[in-house]
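As written in TrEMBL, here are the features:
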REGION    15-78  region 'Domain I'
DOMAIN    87-106  domain 'Helix-hairpin-helix DNA-binding motif class 1'
DOMAIN    122-141  domain 'Helix-hairpin-helix DNA-binding motif class 1'
REGION    156-205  region 'Domain III'
């Protein structure tokens, strides 16, 4: 099965967002996927996805097409959610599709988003090609966006953290003070533990 988003007939560019078929070849960092219509597509994938599949396996994969002057490269991502975040990563100057794939391979989406929100440059620079400057740019450009869409802790339980913020406000702290205190901690325990850590942060100010 092949899902096509759009086509510019003048330039003969087909935007492919999803492939379903059988793996007929496996390279160092890619698969060749044969679809039901008899067309084979080379899809570049992250090492973890490459290790999960063998030649002969059926596969369903979301894709991102990079169009350059001299080539068109297709990148494969496991889920729609990961594809959306992949597109967010490549929107950052200096982060190409290959680097974005390897960032996705670092861990779960929650872990990666949390690292960005907390400015964990060491985590991000584990990826070859992502130096400190680009890691800093990722944090600067995506931190606020992730906080707005995924909760104050970038992947932790936003409902639990909301309860902590509400409790702090009831104790007399302003909404901004409460939110900043919750953002400043990395504790992933229950609400009472998070509250205690947040109070420690506030008492230091």
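Any Cβ shown, glycine's included, is placed from N, Cα and C.
Note that the structure is a prediction, hence the values are computed from the model and not measured.
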Same-chain residue ranges lying at least 6 outside the domain 'Helix-hairpin-helix DNA-binding motif class 1' (87-106) that approach it to Cβ under 8 Å: 44-49, 64, 66, 73, 75, 77, 112, 115, 123-124, 126-130, 133-134, 137-138, 141-142, 145
DSSP-assigned states of the domain 'Helix-hairpin-helix DNA-binding motif class 1' (87-106) in counts, ordered helix, strand, coil: 12 helix, 0 strand, 8 coil
Residues of the domain 'Helix-hairpin-helix DNA-binding motif class 1' (122-141) by DSSP state, where helix covers H, G and I: 13 helix, 0 strand, 7 coil
The region 'Domain I' (15-78): DSSP-derived helix, strand, coil residue counts: 6 helix, 39 strand, 19 coil
